[in-house]
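As given in Swiss-Prot:
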| type | residues | note |
| --- | --- | --- |
| SIGNAL | 1-25 | signal peptide |
| DOMAIN | 27-113 | domain 'IGFBP N-terminal' |
| DISULFID | CYS31-CYS56 | disulfide bond |
| DISULFID | CYS34-CYS58 | disulfide bond |
| DISULFID | CYS39-CYS59 | disulfide bond |
| DISULFID | CYS47-CYS62 | disulfide bond |
| DISULFID | CYS70-CYS86 | disulfide bond |
| DISULFID | CYS80-CYS110 | disulfide bond |
| DOMAIN | 98-157 | domain 'Kazal-like' |
| DISULFID | CYS112-CYS130 | disulfide bond |
| DISULFID | CYS119-CYS155 | disulfide bond |
| DOMAIN | 159-263 | domain 'Ig-like C2-type' |
| CARBOHYD | ASN170 | N-linked glycosylation site |
| DISULFID | CYS180-CYS247 | disulfide bond |
| MOD_RES | SER238 | phosphoserine |
Amino acid sequence: MERPPRALLLGAAGLLLLLLPLSSSSSSDACGPCVPASCPALPRLGCPLGETRDACGCCPVCARGEGEPCGGGAAGRGHCAPGMECVKSRKRRKGKAGAAAGGPATLAVCVCKSRYPVCGSNGITYPSGCQLRAASLRAESRGEKAITQVSKGTCEQGPSIVTPPKDIWNVTGAKVFLSCEVIGIPTPVLIWNKVKRDHSGVQRTELLPGDRENLAIQTRGGPEKHEVTGWVLVSPLSKEDAGEYECHASNSQGQASAAAKITVVDALHEIPLKKGEGAQL
């Protein structure tokens, strides 16, 4: 059997070498030897999101944050800060038809892996774990205590009064209402009490509506998340309905209250022209 010419074998071997992947060799050739002394200096005040390595894995560089460009090649995907990943941006991909034909590489941005709110040890809710970590690094740079994640989701907080009830003046037979808006996490439970004081000044409360036929209580969630709005409707108004009414909110983290007075008169001319601030008819 006749052997193939030596020139033909050499040509085939050369062709195989040309077909081999060149990514790893070309990458190492582009990077060259690592010389830490020649690495550019980092910012004087340090990196806000910590450090990572450059595309060659040699020089320290500042890690990139959410929404900042990253990537450009497989070796460059380590530029994002810990807890983030380099994801192609659909918005930036539009109009890049030339990229498939040897044009510029598709750009990408750093995106947080945990895209849900978290509660920090400082009692503040952060939109993501990445933003909590960034806040912790800023706190440490100021010499403050690091912030850690306490739980997933928003931080629990005691109730607070968003809109308190207002004092009311009106005549007997009228229809009046008090309203109160509260917020808290978990969502508070809102109740109404009528405050009574005896001759010695001792206060006691009567849970409403009780057995009053002319009084109704209504409560609904909102207008914002974890908010509750409640109303007391009195119709028809009588002298017995005069007094102090308390809006009381409570949850597992605490309680809050606000009060307003209903003053009942026989005729409109008995209502003083200058009432306390926030009073209404």
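Yeah, the Cβs are placed from backbone N, Cα and C, and that goes for glycine too.
Mapped onto this structure are the features recorded in Swiss-Prot.
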| residue | record | DSSP class |
| --- | --- | --- |
| CYS39 | disulfide bond | coil |
| CYS47 | disulfide bond | coil |
| CYS56 | disulfide bond | coil |
| CYS62 | disulfide bond | strand |
| CYS70 | disulfide bond | strand |
| CYS80 | disulfide bond | strand |
| CYS119 | disulfide bond | strand |
| ASN170 | N-linked glycosylation site | strand |
| CYS180 | disulfide bond | strand |
(request) For CYS119 (disulfide bond), identify the closest of the disulfide-bonded residues CYS31, CYS86, CYS110, judging by Cα separation. (result) CYS110
(message) Please report the three-state DSSP label of SER238 (phosphoserine).
(response) coil
(request) List the Cα distance (Å, whole number) between CYS80 (disulfide bond) and CYS58 (disulfide bond). (result) 16
(message) Based on DSSP, tally up the residues of the domain 'Kazal-like' (98-157) by helix, strand and coil.
(response) 17 helix, 15 strand, 28 coil
(message) Can you tell me whether DSSP puts CYS34 (disulfide bond) in helix, strand or coil?
(response) coil
(request) Give the distance between the Cα atoms of the residue listed as 'phosphoserine' and CYS56 (disulfide bond), rounded to the nearest whole Å. (result) 83
(message) Measuring Cα to Cα, how far is CYS130 (disulfide bond) from CYS110 (disulfide bond) in Å?
(response) 11
(request) Could you round the CA separation between CYS62 (disulfide bond) and CYS110 (disulfide bond) to a whole angstrom and send it over? (result) 13
